[in-house]
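Note sheet for the following structure.
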Amino acid sequence: MRLDVITIFPEYLDPLRHALLGKAIEQGRLEVGVHDLRQWATDAHKSVDDSPFGGGPGMVMKPEVWGPALDSVAARESAANLESALPHLNRPRHDELEGVEAQAYAVDATADEDSDLPLLIVPTPTGKPFSQADARAWSNEEHIVFACGRYEGIDQRVVDDAARRYRVREVSIGDYVLIGGEVATLVIAEAVVRLIPGVLGNKRSHEEDSFSDGLLEGPSYTKPREWRGLAVPDVLTSGNHGLVDTWRREQALLRTWQRRPELLEAAELDKDDKAFIAQLEKEANTQGEG
Ligand code: SAM
């Protein structure tokens, strides 16, 4: 996969060279290009913004700068590749498993789209909420470009025009407003790259993550068995894998029911899951009455 990021703060994207992403770069599974938008600015001050038509506060990013930047990056004319920050290649993580096969997720392309076009992700609070399903689908992409807005955002014609050479997604990472698109890009890039087949050595790591089966993951514990008077649940040290699996499933259901009950409506629940939820609801009702 190749990721290109266009930004006025290239140094903000340095985390893309570290840890798992740095390792993916080193393994040749990922290339990352970070491009300073100002190189496409043509005036003496290298300005990238101007006042909004119709008045109002703030500045809007200029189409004459963004248009050529997106043309050039779509055509892969501008390299600017990041080097991995750490030499990881010969140091497998402790949880990596020998012989784990890389397995791709289903591809997300609507029927009328030309999937040969690169994917352009435009982070914006007005976009469609980013989800684990998007991360999974985009982990199959060959070329993803991120356009990082600042100020009041990018002139809308840039997004409309880009649809001629990209598949465009305007995406929000949550119902709050950041200063710029760089942090949103880091969030999305990290969620996508860890799902590229082969990037996580142990495939089970993400198959059991929150949202993969529509539920939140339950709590995790490590050594020591007792810490500050708090003990690890007995079942986890019982050596009985069947009981551990049942306990983990129930903890996932319990946490989802407590924190994100709306997820339960879309999750695939079997007879035992439904009985467990019904029991939780019964107990809650009894406590409410008492
Ligand atoms: N005026 C815009 C609005 O009200 O929708 C907010 C612009 S914000 C100050 C500047 C930039 O930060 C946006 O262009 C976008 O790139 C990024 N940004 C801010 N919040 C975001 C969010 N929740 N998700 C994704 N990107 C966001």
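Glycine is treated like the rest: Cβ placed from N, Cα and C.
A TrEMBL annotation is a machine prediction, not a hand-curated record.
Per TrEMBL, S-adenosyl-L-methionine is bound by Ile173, Gly174, Asp175, Tyr176, Val177, Leu178; the candidate from Gly149, Gly201, Gly214 named for the same site is Gly149.
Residue counts for the domain 'tRNA methyltransferase TRMD/TRM10-type' (1-79) under DSSP (helix as H, G, I; strand as E, B; rest coil) come to 32 helix, 16 strand, 31 coil.
Fewest Cβ neighbours within 10 Å among the binding-site residues Ile173, Val177, Leu178: that distinction goes to Val177. Within the set Gly149, Ile173, Gly174, Asp175, Tyr176, Val177, Leu178 that the record links to S-adenosyl-L-methionine, no two Cα atoms are more than 17 Å apart, and one pair reaches that distance.
By a simple count of nearby Cβ atoms, those within 10 Å, the most crowded of the binding-site residues Gly149, Gly174 is Gly149. In sequence order, Pro125 make up the list of same-chain residues 6 or more apart from Asp175 (S-adenosyl-L-methionine binding site) whose Cβ falls under 8 Å from its Cβ.
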